[in-house]
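> Have a look at the structure that comes next, please.
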């Protein structure tokens, strides 16, 4: 099998993982904002996410000759390594719960602040666990200042969210309630074909697209999206976000235990799980749980999402390609994170939790987040991004080398 052995290779894996893991949330957020049901999106995403793990296992996991100390993927499937397999599957379960939760948190709290909060919890809890599980192979004098940089960035991120929420309130207060109600009617009273026909006949769009950052844009977004958030407590979204953060903080230590067996659960002579075998079982449990939960949510939706059916899901091709792409990006991103962590230590690999840097970029570029915001919001935003860049550099500099 292919093994990442150099520090440079490990850092390359982590950088690619950072880009992939910061991009797929933006794609799922885009689909939700366009009105695609989250149950449909997550089912598509789960399929390709698991296919990515299979592809990685059958390629990188099968390169080269198999040895007793480091068997290839297919060889290891028949070995008596179930204690470590259960650790890997536990990691997949908590990751699946975390990813599923964030899909709803993005609607309530926003893409950028959700990623900031979940990443901070992951760094504080998960990176600390991994540091001790890895027998302190990372340099503590660099690693923990990096964690501190993350926490500063988190505080700045919370300040950005608070400032931007205040800006949005001012924008919405500038609209009269009659104006808001009229915009809701114009956006929802006709089907798209009728609207298009009226545009051609009258050359007048009754639901003309508002500019990003305006109050009209916020109202139109609420009308179009699949998860309605107006009038609902922000504590719902924050509660979901904190739950997701705890889940994310546990999956990397569980994977670490699966591949390195620090608790000596394997029988004498049984080799440790190679990263590709562990990733396969990890992704398998993630996939199974996601399918069970989302098929249940089709018929028993949560948080006010519309009820649907499996037949409706099969017929829903609107945005399916994007959802499938998101699954591939997440699958390959997780695989690269674990490959880099096996070489440089999982505490250093947790530098990919700086993914809000990428997600915020997509949030600004695709969704117009922070458009027409106050000067205070912009200063906080740039300060947060600067601190994230510092955090990822420091955490990567702390990487050691597993003996």
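Using the three backbone atoms N, Cα and C, a Cβ is placed for every residue, glycine included.
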> According to TrEMBL, which listed range is transmembrane segment: 209-231, 278-300?
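Based on what TrEMBL states, transmembrane segment spans 278-300.
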> Of the listed stretches (42-60, 105-130, 234-258), which one yields the highest count of Cβ-Cβ distances below 8 Å with the transmembrane segment (321-340)?
42-60
> Using Cβ atoms and a strict cutoff of less than 8 Å, what residues sit near the transmembrane segment (80-98) while being 6 or more residues removed from its termini?
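Apart from its flanks, the transmembrane segment (80-98) reaches 118, 243-245, 247-248, 250-255, 257-259, 261, 265-267, 270-273, 277-279, 281-287, 289-290, 293, 334.
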> Are there residues at least six beyond either end of the transmembrane segment (234-258) with Cβ under 8 Å to its Cβ atoms? List them, or say none.
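Result: 84-85, 87-88, 90-92, 94-95, 97-99, 101-102, 104-105, 107-109, 113-114, 117-122, 124-126, 129-130, 133-134, 273, 278-279, 281-282, 303, 337-338, 341, 346, 349-350, 353.
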